[in-house]
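Annotated in Swiss-Prot:
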- 149-168: compositional bias 'Acidic residues' (COMPBIAS)
- SER37: phosphoserine (MOD_RES)
- SER44: phosphoserine (MOD_RES)
- SER60: phosphoserine (MOD_RES)
- SER86: phosphoserine (MOD_RES)
- SER106: phosphoserine (MOD_RES)
- LYS107: N6-acetyllysine (MOD_RES)
- LYS117: N6-acetyllysine (MOD_RES)
- LYS117: N6-succinyllysine (MOD_RES)
- THR129: phosphothreonine (MOD_RES)
- SER133: phosphoserine (MOD_RES)
- THR147: phosphothreonine (MOD_RES)
- SER162: phosphoserine (MOD_RES)
- 113-171: region 'Disordered' (REGION)
Amino acid sequence: MATNFLMHEKIWFDKFKYDDAERKFYEQMNGPVAGSSRQENGASVILRDIARARENIQKSLAGSSGPGASSGPSGDHSELVTRIASLEVENQSLRGVVQDLQQAVSKLEARLSALEKSSPAHRATTPQTQHVSPMRQVEPPSRKAATATEDDEDDDIDLFGSDEEEDKEATRLREERLRQYAEKKAKKPALVAKSSILLDVKPWDDETDMAQLEACVRSVQLDGLVWGSSKLVPVGYGIRKLQIQCVVEDDKVGTDQLEEEITKFEEHVQSVDIAAFNKI
């Protein structure tokens, strides 16, 4: 176990031997030239030992760089072989799939060509330029097609006249509903535009009989005029004015007409003013 531990150590225990050999080599090289051939042979041997030692050191350093360095090449080789085998199997399966696809495509092409040959529309197909050409002449419909159309129209005719009866019934119901609607609309009273007017009727002086003045005003009767409440309002110096309310229809009674009718009573009425005017 100790030996295995020392195999992975990076300490160079024999370095002094190689240092001594290298020193002796350089001493002999730098020494006198009259050396014998034996010395030259010894120097070459030393050089070879040094080179071999360096190679061993490099190998030992490379081998001790990782615990799995010795088993690396064999492991890589086995993994490569396994991968190649899996690729070959995958290649074979892909080839089978491609062959199946080619066979399916060839069958489809054969079937399509057979359908095109057997189709009557394919035989009568013309170039598309003839369909869109403005100079193309439209052939009149054949007599046979016209006869078939007439037969279809004859088949659609109801011999018992049920459609006509239904149309008459629908027309009668529609007319009846329109008549009822017109009668209902005629009975409904039309909206009449009306206005509420407050009049100020002023007398000549404080001696004017206000009861007689009010009776004169209320004696004015017009179509669309309705008199309302009234009261006496003091003006000053013992004089009072008549404030009376009325409702008029705008289309029938105008304010000017109403003032003219009231001012006809010159003995009692001095003037008529509109104090308020409101639409109803």
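Glycine too: its Cβ is placed from the backbone N, Cα and C atoms.
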Spatial separation of LYS117 (N6-acetyllysine) from SER86 (phosphoserine) - C-alpha basis, Å: 47
Nearest recorded site to LYS107 (N6-acetyllysine) by CA-CA distance, among modified residues SER44, SER60, LYS117: LYS117
DSSP-derived structure type at SER60 (phosphoserine), helix or strand or else coil: helix
Residues that sit under 8 angstroms from SER106 (phosphoserine) by C-beta distance, when 6+ apart in the chain: none
Neighbour tally for SER86 (phosphoserine), based on other Cβ positions within 10 Å of its Cβ: 10
Among SER44, SER60, which are modified residues, the residue with the most C-beta atoms within 10 angstroms of its C-beta: SER60
Cβ atoms near LYS117 (N6-acetyllysine) (within 10 Å, other residues, all chains): 9
Nearest-integer angstrom distance between the alpha carbons (Cα) of SER60 (phosphoserine) and SER44 (phosphoserine): 24
Rounded to the nearest Å - Cα separation of LYS117 (N6-acetyllysine) and SER44 (phosphoserine): 94
